[in-house]
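Colleague: The structure that follows is given in the form of structure tokens.
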Amino acid sequence: MARGSMAAVLAVLAVAALRCAPAAAELPLVEHPAKNDGSLSLLVVGDWGRNGTYNQSRVAEQMGKVGERLDIDFVVSTGDNFYENGLTGVHDQQFEESFTNIYTAQSLQKPWYLVLGNHDYRGDALAQLDPVMRKLDERFVCMRSFLVNAEIVEFFFIDTTPFQLKYWTHPKDSHYDWRGVAPRKDYIANLLKDLDEAMKKSTAKWKIAIGHHTMRSVSDHGDTEELLQLLLPVLKVNGIDFYINGHDHCLEHISSRDSPIQYFTSGGGSKAWRGVYQPNDDKIQFFYDGQGFMSLQLNQDQADFIFYDVSGKVLYEFTSHKTNHFQPSIYVTAE
């Protein structure tokens, strides 16, 4: 993206920041224009911030090469941006050591749209949300839940960490920064309502939900029951095409047997190889227990997904052709 286009995105963010209050009826919206031909290209990476270790730097290098080849418009992070316990504040050196100094390729000097993961909540969660971070590195666009409208596609970025009840009731030795979130039940109810309304208003050809936690997974964390109970009905009824997440440190594509939604995990940004594979009733299209990332190219008619490993090798390709479908409205409240 040219400097002027980046400035335009940041100007929109300034307005969006005014709409981030907990009682807001609408989610913050960022307008990101598609290419002149109407297409869009992006990379997706998750679970990465480890000061370049565990092959984070190698993944970043390959992202730069693929990003240049595809002329990407932006990068999506599926969360767990900084290990092990998020940032300590807005001046934490890990921001530069795990982000700015790692993703240095020219092709990656585009907006990064990020959600928070559970490890981010273990530190100062508000630090990553602070607009001052964009003064340190203008690429870094992180909010709890927000929308990115790229004309042919609308992305719904969802704050999934508060959904998991165990983080509230059994945090073990971890501390979670629930400022601006508690009480959980009200936060989730408001978020689901806002998502439902935003998805209904969307006129984009494609609708993609982004969250940190797995909806469907055959790796270490498996399915997230709270998301299946509370969030999935909203996605189904509003015709969401894809749910993309991190959390499990692997690459996977799953087709559910009870929905047309396709599930993609891109959580291989650094530490991986957990050695866990737990097949379930869903259709496992692809699973790779190692490091890597994903690209996504979209136009009016199709969406092309590609998974790459740490050396840039193509591991898996999947193409989805657009079909229209409509379902009525519903959302469930948290217990």
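Heads up, the Cβ atoms here are built off N, Cα and C, so glycines get one too.
Quantities reported herein were computed from a predicted structural model and do not represent experimental measurements.
Okay, so TrEMBL annotates it like this:
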- ASP47, ASP80, TYR83, HIS249: Fe cation 1 binding site (BINDING)
- ASP80, ASN118, HIS212, HIS247: Fe cation 2 binding site (BINDING)
- 42-250: domain 'Calcineurin-like phosphoesterase' (DOMAIN)
- 1-25: signal peptide (SIGNAL)
Colleague: Which whole-number value in Å describes the distance between the Cα atoms of HIS249 (Fe cation 1 binding site) and HIS212 (Fe cation 2 binding site)?
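Modeller: It is 11 Å, counting Cα to Cα.
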Colleague: C-alpha of HIS212 (Fe cation 2 binding site) to C-alpha of ASP80 (Fe cation 1 binding site): distance in Å?
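Modeller: With the alpha carbons as reference points, the distance is 8 Å.
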Colleague: In the predicted model, what is the mean pLDDT computed over the domain 'Calcineurin-like phosphoesterase' (42-250)?
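Modeller: Averaged over the domain 'Calcineurin-like phosphoesterase' (42-250), the predicted model reaches a pLDDT of 98.
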Colleague: Among the binding-site residues HIS212, HIS247, HIS249, point out the residue whose Cβ has the most other Cβ atoms within 10 Å, with all shown protein chains included in the count.
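Modeller: Answer by Cβ density within 10 Å: HIS212.
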Colleague: State the count of C-beta atoms found within 10 angstroms of the C-beta of ASP80 (Fe cation 1 binding site), not counting that atom itself.
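Modeller: Around ASP80 (Fe cation 1 binding site), other Cβ atoms within 10 Å: 30.
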Colleague: Looking at the binding-site residues listed here (ASP47, ASP80, TYR83), whose Cα lies nearest to that of ASN118 (Fe cation 2 binding site)?
Modeller: ASP80
Colleague: Pop the Cα-Cα gap between HIS247 (Fe cation 2 binding site) and ASP80 (Fe cation 1 binding site) into the table, whole Å please.
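Modeller: Given the Cα positions, ASP80 (Fe cation 1 binding site) is 7 Å from HIS247 (Fe cation 2 binding site).
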